[in-house]
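Report on one structure; see the data block that follows.
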């Protein structure tokens, strides 16, 4: 399968067809295999890439940098305090400046409209490293990881549940990705934390074409039954007020992934996924604060699940690099 994605932006999965997404997943697997075999070809030699981070990051930044270096490209990191974007210079103007200097631009920040504006005016490929609404590079990594742990199933044969805050960028993006790839997704969350109705409707329309099944439920037992994968994310996202914790913890505690929830799947081969970072113990500053305030050593997932044989979170994290590399190679490579 081969598609010409050269000079395309990668802003959200809604912009891509099922076959284009599958192509990117296949390219990711090929590039991963080549890296391990030491046979990787540098198709981005001589390219210059700008990485704009208005929100801090570990995995996304490292994945973009290593992927670029592996492919022979040079990168410039522009951090939260390292530019005039939105302060003295509009994104429209910034896009037109950087587009003259760089061959590709990554953006990680706030509203989806910002990265869309960047993509409209830059004149070079723009890649969404995360916005408040969508996190498309993460979904490619998730689906590659699912394929690697599928026990012979294709994506369209898989069932997975996302538990927790289903209205955040991960809930949105997993729903879109599942709809595109014909998967059975269950969004298991308090009703107030379901995705926006317009996005659900859009995904349901896509599902009619792909055979996907989208279920929104508040019932954990119903939502996880028969799942191949269980997925969660932090309960309070970057940029949200600290005051949100009390209400969020009270609402979300029933949706914690623990060993009881693992057993409720009825699947001894079920796997646990998380985009990271995760609050699974009290070994971080925030983790200690949570343990002291709420008497919980883990929030969205317990330590015994996170460190168990069910967990594939570090395979998932590594795959950020391989899938991001595929996006850059497909849209920018020679």
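Our numbering is plain: 1 for the first residue shown, then up by one each step along the chain.
Cβ atoms here come from the backbone N, Cα and C positions, even for glycine.
What Swiss-Prot says about this one:
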type	residues	note
BINDING	57, 58, 59, 60, 84, 108, 135, 136, 137, 138, 275, 276, 320	carbamoyl phosphate binding site
BINDING	169, 233, 237, 238	L-ornithine binding site
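Cβ neighbours of residue 237 (L-ornithine binding site) (same chain, under 8 Å, six or more residues apart in sequence): 132, 165, 168, 169.
Most Cβ neighbours within 10 Å, among the binding-site residues 57, 137, 169: 137 holds that distinction in the structure as shown. It is 15 Å from the Cα atom of residue 57 (carbamoyl phosphate binding site) to that of residue 233 (L-ornithine binding site). The Cβ of residue 135 (carbamoyl phosphate binding site) lies under 8 Å from the Cβ of 128, 169, 170, 173, 275, each of these being in the same chain and 6 or more residues away along the sequence. By neighbour count, meaning other C-beta atoms within 10 Å, the densest spot among the binding-site residues 59, 320 is 320. Taking only the Cα positions, the spacing between residue 137 (carbamoyl phosphate binding site) and residue 233 (L-ornithine binding site) is 15 angstrom. Between residue 233 (L-ornithine binding site) and residue 59 (carbamoyl phosphate binding site), the C-alpha separation comes to 15 Å.
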